[in-house]
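S.K.: Handing you a structure now.
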Amino acid sequence: MESRVRDLCLQLYEIGALKFGDFKMKVGVSSPVYFDLRMMISYPTVMESLSNLLWDFAKSEGVECDVVCGVPYTALPLATLIAVKADLPMLIRRKEAKDYGTKKLIEGVYSKDDLCIIFEDVVTTGSSILETVNDLKHEGLVVKEVVAVLDREQGGIGNLARQGISLKPLMTLTQVLRHLKALGKIDDNTINKIQTYVQQNQLDPRGEPKKSDEVSRLELSFSARADMAQHVVAARLLRLMDKKQSLLCVAADVSTSQQLLNLAEAVGPHVALLKTHADIITDWSPNVALQLASLAKQHDFLIMEDRKFADIGHTTGLQYSLVRPWADLVTVHGLPGDGLLQGIQAEIARYPESQRGVVPIAQLSCSGNLITPQYTKSVMRQAASFPQLIAGFVCQSPDVVVPPGLLQLTPGVSLAESTDTLGQQYNSPLAVVCERGADLAIVGRAIVSADDPAYAAQKYKTLLWEAYQQRVKRQAVKED
């Protein structure tokens, strides 16, 4: 196997798939070495040789599977050749679901609980793999192992292991450098430069530098995280979640004040947070706000107005002045930049006794949305600039919210549905907590439209709390 790996290194070097210089990586950092395995598609012999070697390596590692899937896009031709050689069904994961045709995110024939092996070309942080894993698991597939051509040794193995995924690389960066030196293609100076770079650039799944003393948000209990929270509402909400043993946030998408108040009365004992849309209440008034706040105090829950402000700072400040008196939290879009947050912050500062916070939208749960990974990163950076304003983020991935003192709110939770007719995508309570990383799971129609909303809320509350206990326990076992 080692001699075949050495020969492969030479082939990849000769076709220009292994490059040395100064390159900007997908995660945003510069690197003295770059692996462009896309070059292989122009060299069928090399591509076939690599796919054969990758499959032989997978078999030698004892990998078992029912179906195979390649991480888009470079690994797709490798997965295709392997599927043909091994006579295994193949799946294709789209980067986003189409809004026509089958509208599927995962293409291919599969069954629930099928064991899927993922193939990847180059692993740096493991973020692309985690995205693929989450989408496959969402469809009911089981994913435990990933076979990759190369591990750049910058933290990918650890990042994946913390999510319960075992990475098996055909070769590591260290092996590649050793083989190329033996073949006379690089010198000690190049090797030393690359090794120093790797040591100084260990990355978390977001592509940010790792902190050796950083504790994962997912490893800690809500009570422990409350003590780490910089934002007063985040700390209060974490303690409330621990006290009520509830990760439940009900989306009160109703159209009349009586429906809203009846729903709040029914689900209040079971929720930590009630999410409202005041602008869809046809008879909304300040008196309705007072009654809602009274129910929140009676049943011990907080209120988040899902207003999604997205205007300039001055206008947003005026808009927020109508929400501040009754809503503990409000959602915003990061698109307008810091001015929007400054407008809200100025309004809150006028009432020092009020405890209020903001929850930016970092990701959306609807298919076809225009939010990009780079936009998500930009929104997340706002937390560092406004620590006394931002209490958490709305997102879909476990690696977006890192500080333990911030909350992850994730919408799209249902036991019965996977999508609706308008592109909303749903997760089960277990998946949204253990795979998506939610601290607060936002449940809407599954409770609001139930014959008995109180019973449905209690059911979701129990399932979500059990998932949270499993998540914390799982992380504790990994630490041991």
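Note: Cβ is positioned from N, Cα and C throughout, glycine not excepted.
Annotations per TrEMBL:
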ACT_SITE  Asp306  active site, for OMPdecase activity
ACT_SITE  Lys308  active site, for OMPdecase activity
ACT_SITE  Asp311  active site, for OMPdecase activity
BINDING   Asp253, Lys275, Ser365, Gln424, Gly444, Arg445  substrate binding site
DOMAIN    247-460  domain 'Orotidine 5'-phosphate decarboxylase'
S.K.: Secondary structure at Arg445 (substrate binding site) (DSSP, helix/strand/coil)?
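M.R.: In the DSSP reduction, Arg445 (substrate binding site) maps to helix.
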S.K.: Which state, by DSSP, holds Asp306 (active site, for OMPdecase activity): helix, strand or coil?
M.R.: strand
S.K.: Name, in the order they occur in the sequence, the residues of the same chain whose CB lies under 8 A from the CB of Asp311 (active site, for OMPdecase activity) and which sit 6 or more residues away.
M.R.: Gln319, Pro336, Leu340
S.K.: Determine, to the nearest whole angstrom, how far the Cα atom of Lys275 (substrate binding site) is from the Cα atom of Lys308 (active site, for OMPdecase activity).
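M.R.: Between the Cα atoms of Lys275 (substrate binding site) and Lys308 (active site, for OMPdecase activity), the distance comes to 12 Å.
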S.K.: Enter the number of other CB atoms within 10 angstroms of the CB of Asp306 (active site, for OMPdecase activity).
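M.R.: A count of 24.
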